[in-house]
């Protein structure tokens, strides 16, 4: 008998963007990203339309509750599959030691499960999205909590909106960037990248001082590819950590494989 290979659609709904990943079995075969600002006018990515008829399961995690029914409806209409929603349809297989467990973003717990399964524990997860978060996973694999602070996009927006003479800078790359900026745009880029890199190093050092030096540090999120260049403490950058975590959760909580 031929074993069924799942074509799983994993969806990570964030404040700024929505990431889609299609897995064939354990292999991530396609990714695409759209803005979270589409709201009720959400348009299914062309890449997903091309997979119609092949996808036979879907899983969603979201930090934007109002977008969940919109995305569920779009996926059902496009693929005929009803997605399972993390936190609603699925109880996450990890011990959450937050004082109020419901306050933890689902994406942070999904990342914790991914890191535990892929990289092992103890671990520190640094996620650079709308906010930049640091999460600590204990040696036992429990989610212990973390730190939250404004991310790069929020910082850029605040500079532009609060400082009349500063331009609206887009941090798409760091090509030719010097530590000492020679113009305003270069100074802002250097300040943010060197600043956030140093911030990561400082926070990671403090966590390791409190919990032990032998802790893996995994980075993820939209800006992590850039930030890692300016940090001495991030061991691995895994852009699709949350999507991988969703696949792992699907497999652990269903018959998917």
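Placement of Cβ uses the backbone N, Cα and C atoms for every residue, glycine included.
These numbers come from a predicted model, not from an experiment.
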If TrEMBL says 12, 13, 14, 15, 16, 17, 18, 19 bind ATP, which of 78, 79, 82, 130 does it name for the same site?
130
In the structure shown, which of the binding-site residues 16, 106, 130, 184 has the fewest Cβ neighbours within 10 Å?
184
What does DSSP say about residue 108 (substrate binding site): helix, strand or coil?
helix
Cα-Cα distance linking residue 107 (substrate binding site) and residue 127 (K(+) binding site), given in Å to the nearest integer:
10
Other than 12, 13, 14, 15, 16, 17, 18, 19, 130, which residues of the chain come within 8 Å of the ATP site, judged by Cβ distance to the Cβ centroid of those residues?
36, 63, 64, 129
Spatial separation of residue 18 (ATP binding site) from residue 106 (substrate binding site) - C-alpha basis, Å:
14
Which ones, of the binding-site residues 98, 107, 108, have a Cα no more than 10 Å from the Cα of residue 14 (ATP binding site)?
107
